[in-house]
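Read the structure below first, then the notes.
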Amino acid sequence: MSKKSGDTTAKVESLFKTFMKEERLRCTQERLSVLREIYRSNTHLDADELFVRLREKGVAISRATVYHTLDLLFRYNLVTKIDLGHKHTHYEKSWGVANHLHIICLKCGQVSEATSSELPGMMETLCAENGYSLGSFSMQLFGECLDREACAQRVKNKRQEKA
Ligand SMILES: [Zn+2]
Ligand SMILES: [Zn+2]
């Protein structure tokens, strides 16, 4: 782990602890383990993936606790929810992460992250025009890979994984 990501995790942990204290919630190891796992990861995870990862690491956590903790983290602005075109929600860390959007291929499911220097200003204006201040944003664009061959290969690989 790089020094930077260690610092981020420590900072986010202390924020989480402060928020929970304000709401008189117990700061359990299980809840902290959800936060740590998300901040350790660089991908988008759904609640079940998180649950499986934590169980594999020997954390005695229930599915319900994973869901509840994710709700808390979302409310405290420490994770964002994203819709990657699946039936379930994916989560990703948001503290210290630049606002970005996701481009998702509807055929193979590949996800790319993109940023634009113009986007935050545009979003701020949009929010202000509608009477809001901008917190964070998370956006999804759905399309299809331009590289059809690579896309078809990914679809094939996925089928083989499932088989
Ligand atoms: Zn992302
Ligand atoms: Zn594709």
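The backbone N, Cα and C atoms fix where each Cβ goes, glycine too.
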Further binder of Zn(2+) named by TrEMBL next to Cys105, Cys108, taken from the candidates Cys127, Cys145: Cys145
Surrounding CB atoms that lie within 10 Å of the CB of Cys105 (Zn(2+) binding site), all protein chains: 20
Chain-mates of Cys105, Cys108, Cys145 with C-beta within 8 Å of site centroid, Zn(2+): Leu106, Lys107, Gly109, Gln110, Glu144, Ala150, Cys151, Arg154, Val155
